[in-house]
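Asker: My questions all concern the structure below.
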Amino acid sequence: MPTPKKGPRLGGSASQQKHLLSNMAASLIEHGAIKTTDAKAKVLRPYIEKIITKAKAGTVADRRAVLKLIPHKDVVAYLFDELAPKFENREGGYTRIIKLENRSGDNAPMSQISLVLEETVTSEANRATRAAASKQAEEAKAEEAEATEAEAEETTEEK
């Protein structure tokens with residue numbers, strides 16, 4: 001991963017930001033969901049998405065690359081062995097961010113970032129119903145076209 005560019009940092013220098021993201025990613029993988037500020041959640045999302053995509057490939061080189069980013073062997077082993085197969089049919093969108101109430105101490109906007117482990121059954125069911133509806137619409141259009149052609153033939157025969 002490239003070093004962070006110019007702009008605001010989460011908690012100080014680039015090295016501190018790397019460590020912060022590494023620890024947050026490890027906690028997210030270990031617990032499935034973490035509660036953090038909006039800014040940290042928005043920065044963590046692309047970071048963890050890239051890591052999960054590498055874990056889905058599952059090669060030794062990918063495992064070593066992830067170990068450089070998250071130096072927790074047990075967490076990386078859990079990611080590659082148990083979590084990655086759950087995301088096999090998913091092309092991205094492994095996390096979701098849910099807005100929470102502001103923190104009471106400093107009124108900071110809070111969010112919960114969590115892994116999306118549910119199957120996308122609803123979207124597949126929606127696709128199936130849309131496909132069936134489009135087939136029915138095509139059949140209805142074909143029937144209407146046949147009816148109009150039959151009417152046109154009748155009117156030409158009458159003349």
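The backbone N, Cα and C atoms fix where each Cβ goes, glycine too.
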Asker: From 88-123, 124-159, which range did Swiss-Prot mark with region 'Disordered'?
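Answerer: So the range that Swiss-Prot calls region 'Disordered' is 124-159.
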Asker: With helix taken as DSSP H, G or I, strand as E or B and everything else coil, how many residues of the region 'Disordered' (124-159) land in each class?
Answerer: 35 helix, 0 strand, 1 coil
